[in-house]
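I have placed the structure first, in the form of structure tokens, so that the comments after it can refer back to it.
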């Protein structure tokens, strides 16, 4: 992409998210979400491919619908209560509409159908931005409204998202669709606990962004978009394939890796709130998610790319080594579990 265009787009993305972070007026928050949406569209459509055009169109329609619903919720609340302040969401209908609009924006089930299709039509770098940065602004609103929103609706959306995220990823062969269902499941874990312990939602969001960043960087370096194509990674770079293995297992929430920490703390908090049935369902669905991560791990480290020739391939790329960003994010993605008490103390 043209550097001049990037100079406009990247600050616009940052501006939209920052406006939503600092805003307390509904119109300012709506404006920030709109800037965020419009800024990423040129990055999505830059491939000039029919699949990218289709994904961009779907994304724009979905985000415009969610923004219109959010604006309608804020106007209704202002009409009923006379308040434009974010935390003065006193009308139950407005609170429900705002919850549904934000759920549509981040792809929570049952409003998730657009996310796998859109992510499949994008390149890996734009998919990374869509899966991480674009979640920040809606979650900033969720975290400010956590005590006002309907806890039963949030619980329903969260548990259903973990179920859909676990089941949906089982039969996928495209890496971007697997990561989309992984995103749906992780969002479900965050939304479930946001009413009772918002600091755990924030912790889970930070760890999810770091783990997803590592995964997308690895797939970009391997130039892989399918499970079959990732099988050659172990011969290209054994060290990178081991890092991929550890990061994927951490995304699945397997102890003693970092990804186990938020799941453990969330299940513990749900049990304290006597929400035993949702906690049990989410723990079982985490096993389904772990299964498709194990499929990726098997393809990455335990299979060898077919090569019938008894000679080295002349087209094989040079050996890849981890860069500083990937090394840092991979370390955080795998080694934080012993620091759980310290992190909890800092966040509470």
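Glycine is treated like the rest: Cβ placed from N, Cα and C.
Annotations in TrEMBL come from automatic prediction, not curation.
On a predicted model such as this, the values are computed, not experimentally measured, just so you know.
Segment annotation: TrEMBL labels transmembrane segment over residues 57-75 (candidates 57-75, 76-94, 133-151). As annotated in TrEMBL, transmembrane segment covers the listed stretch 319-339 rather than the other ranges in 25-45, 319-339. Between the transmembrane segment (203-225) and the stretches 57-75, 237-255, 319-339, it is 319-339 that has the most C-beta pairs under 8 angstroms. Within the same chain, the transmembrane segment (275-298) stays apart from the transmembrane segment (57-75): fewer than three Cβ pairs sit under 8 Å, each pair at least 6 residues apart.
Comparing 57-75, 95-115, 237-255, 319-339 for CB pairs under 8 angstroms to the transmembrane segment (178-197), the maximum falls on 95-115.
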